[in-house]
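**Student:** Here it is, the structure in full.
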Amino acid sequence: MGEAHQLQLSIMVHHQDANGANSRSIHNTSVLPRGKSFNWWLRMTLYTCLVLSGQSVATLLGRLYFDKGGHSNWLQALMNLAGFPILLPYYCIPALSKRNNPTTNSVQSEPPPSTLTLASVYVSLGLLVAFGCFLYSVGLSYLPVSTYSLICASQLAFNALFSFFLNSQKFTPYIFNALFLLTISSVLLVFQGDSDSGAAGVTSKGKYVMGFLCTVAASASYGLTLSLTQLAFRKVIRKETFTAVMDMIVYQSLIASCAIFIGLFASGEWKGLKKEMGEFKSGKVSYIMNLTWSAIVWQLFAIGGVGLIFEASSLFSNVVSALGLPVVPVLAVIFFHDKMDRIKIVAMVLAIWGFVSYLYQHYLDDRKAKTAENENANGEVSTILPP
């Protein structure tokens, strides 16, 4: 994990997890439903493959763009988001539209937010997403893919920290353990500056430090965006519907894409795109295909994440996404010949350990919410039945 486009998946994960038992009642599952048909398992396999392959391929394509002569951080950031119209057909799926009904009477009684209020939320969060995408792009241009992916693991630590202040998240021993491990994992990579000189061995130590700082800042921006999105659902939108979640994803992506598009022209980078395409080492066709597939693959990842959430649960979708953590560094060693020395191996092990600790806490929270839901249901039945 760790890419800006995972925000689309995590928006839905954190929205549903923040609402406790109410959101679980939509899925009626703890982690993974049982007794499903063959077609259901087939869909689950497809969505899982989209999530695992999408984030890996998209990150590698981004690195390939810079390795082959691409220079525009604004253009690469735009490719992370510009494919969002692929998600629009999800509005037309009847099975998902049925989940548009609020789950509680209290939600029904809440007045809907004004158009101006919603627009303010979408614009502010969209601009924050654009900022994070640009920083991620700068980090990827200066760092080896394996180092970049491991640093991105710190986004969970930032998310937990911001959620503590904005959403009253409790710091359990498992959360503390995850924060500590993910922080140490990122700090270890600071010492890679001398031996891990970046893409193709030509990145200076100064650019390595810049890439490191931009990636950490992007991870912090990502964590803040998740926490603010969760807060917006709880305080402003105040409803649990498929349409509300899709609106957040689509409008955020639209605003972010527009902001990055403006940045592309304001920075003057657009003037060099024609020359960049002509000098691309693999040719003009390869240049166009790289950008096109980067945009498509990020959206395929988003589709896989959305599918896992609505077919199984938000927890299961988050677990599958976390499984992609060690995939990118391994593929980077194979395809980009990144160095995998002892420090980086230790950092990867610590990051995976931190992920497991973080997800295990989510599993415990999910079990607790499920137990509370069952107890409430049993209590309601006992009051209806005669003694």
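Placement of Cβ uses the backbone N, Cα and C atoms for every residue, glycine included.
For reference, TrEMBL lists these features for the protein:
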| type | residues | note |
| --- | --- | --- |
| TRANSMEM | 44-66 | transmembrane segment |
| TRANSMEM | 78-96 | transmembrane segment |
| TRANSMEM | 116-138 | transmembrane segment |
| TRANSMEM | 145-165 | transmembrane segment |
| TRANSMEM | 171-191 | transmembrane segment |
| TRANSMEM | 212-233 | transmembrane segment |
| TRANSMEM | 248-266 | transmembrane segment |
| TRANSMEM | 287-310 | transmembrane segment |
| TRANSMEM | 316-336 | transmembrane segment |
| TRANSMEM | 343-360 | transmembrane segment |
**Student:** Does the transmembrane segment (116-138) reach the transmembrane segment (248-266) with at least 3 CB pairs under 8 A, where each pair is 6 or more residues apart?
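**Tutor:** Yes, these stretches are in contact.
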**Student:** Tell me whether the transmembrane segment (343-360) sits in contact with the transmembrane segment (212-233), defined here as at least 3 Cβ pairs under 8 Å among residues 6 or more apart in sequence.
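**Tutor:** No, since the transmembrane segment (343-360) and the transmembrane segment (212-233) share fewer than 3 Cβ pairs closer than 8 Å, they do not count as touching.
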**Student:** Under 8 Å for C-beta pairs, could you tell me which stretch among 44-66, 145-165, 171-191, 212-233, 287-310 has the largest tally with the transmembrane segment (78-96)?
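**Tutor:** Result: 287-310.
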**Student:** Could you name the stretch, out of 44-66, 145-165, 171-191, 212-233, with the greatest number of CB pairs under 8 A to the transmembrane segment (287-310)?
**Tutor:** 44-66
